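J.: Taken from TrEMBL, the feature domain 'Pre-mRNA-splicing factor 38 C-terminal' covers 179-271. Per TrEMBL, the feature region 'Disordered' maps to 180-392. If you look up TrEMBL, you'll see 185-204 marked as compositional bias 'Acidic residues'. Per TrEMBL, compositional bias 'Basic and acidic residues' is recorded for 205-234, 240-307, 318-329, 342-365. Annotation comment: TrEMBL describes 308-317 as compositional bias 'Basic residues'.
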Amino acid sequence: MANRTDPLAKSIHGTNPQNLVEKIVRSKIYQSTYWKEQCFGLTAETLVDKAMELDHTGGTYGGNRKPTPFLCLALKMLQIQPDKDIVVEFIKNEDYKYVRVLGAFYLRLTGTIADVYQYLEPLYNDYRKIRHKLSDGQFTLTHVDEFIDELLTKDYSCDTALPRIQKRWVLEASGTLEPRRSALEDDFEEEEEDKEEQPMEIDEPNGHENDNHRGRSPARERDRDRDRDRDRKPERHHRDRDYDRDRDYDRDYGRGRERDRDRDRERDRNRDRDRDRHRLRDDDYNRDRDRDRERDGRERERRDRDRGRHRSRSRSRDRRDRDREDGEYRRRRGRGSASPRGRGEDGGPREEPKRKKEKKEKKGEGNAPDPNDPEIIEMNKLRASLGLKPLK
């Protein structure tokens, strides 16, 4: 609601008054802090106080194209559309130069061609200094008459496209405007009249010298005739002089257009250079980020590979330790070893376990006959009688 045009406002040049400001610039103004805090709820009466606080002119500035307070107040005037009398009072205000400049800028956007020339041309006589903020945020010094000349001769001012107006000599030829009179023209006419009223003081000792004097001053006679013709045809003189001024004005306007074109071309070139610089910076950033990701991936793979190698090494070490423990256990239990059957580890005869030796010894001792046994003695005697060998 704060950005809507007043319902009672009239269309300007067949469109909404706020549409005279480009959409991108208008959106920047709506998003600015000055518009939200200082321009909210302003009326035609309270807007004068804000205009009196202005200390510079300008359009947008900085990398994010921030609008100046001057441009914000101009859009606010387009939104509320003050009466023509209020705008004229803005222009006629001689105490506050920025109020005058703001009213002239608004009238250039919304006024008719006749009103633009009628109210803005007298401001050519205002030579006060004003500050203008450039697109890079720096301030430059200019004058009120230079700002008015920019409004009347150029198509673009304060980052705003100005409506096209006809040339002055076209309006003079059609009778819409009267020939322009310079503020110094009255002073020139007064000086000429003073020169004509002054009597010529000439020494006339005799008539012969007077005749010679009249014969020696044809240039003065021609000047007097020229002044007489100028007095007879002042309108033609003014028209010719205005035509010459307009012709010089058009030539200067063409030069100004060329300067504006060069300035716009340089600004586009700088914008493209900044865009390329940002693109290169983004590419370098993306390249560094990809390089860091690849390095992190390689380090992660190396850590995983080292971890797997360490795991396999520890697993094989555990297996060898377990096998060694099992072998020792088997050897302790007497379940054999990896050496050939019946042989020891050094290739010699394998030593029988202690228990087997004891059993064999007991068995051998149990089976071996005792020679002192009386039964064996009797048996051997019996066998000897029979012719048999004795028992072993």
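The first residue you see is number 1, and the count goes up from there.
Yeah, the Cβs are placed from backbone N, Cα and C, and that goes for glycine too.
Looking at the shown structure, can you explain where the listed features end up?
T.: Broken down with DSSP, the compositional bias 'Basic residues' (308-317) shows 10 helix, 0 strand, 0 coil.
With DSSP states grouped into helix (H, G, I), strand (E, B) and coil, the compositional bias 'Basic and acidic residues' (318-329) comes out at 12 helix, 0 strand, 0 coil.
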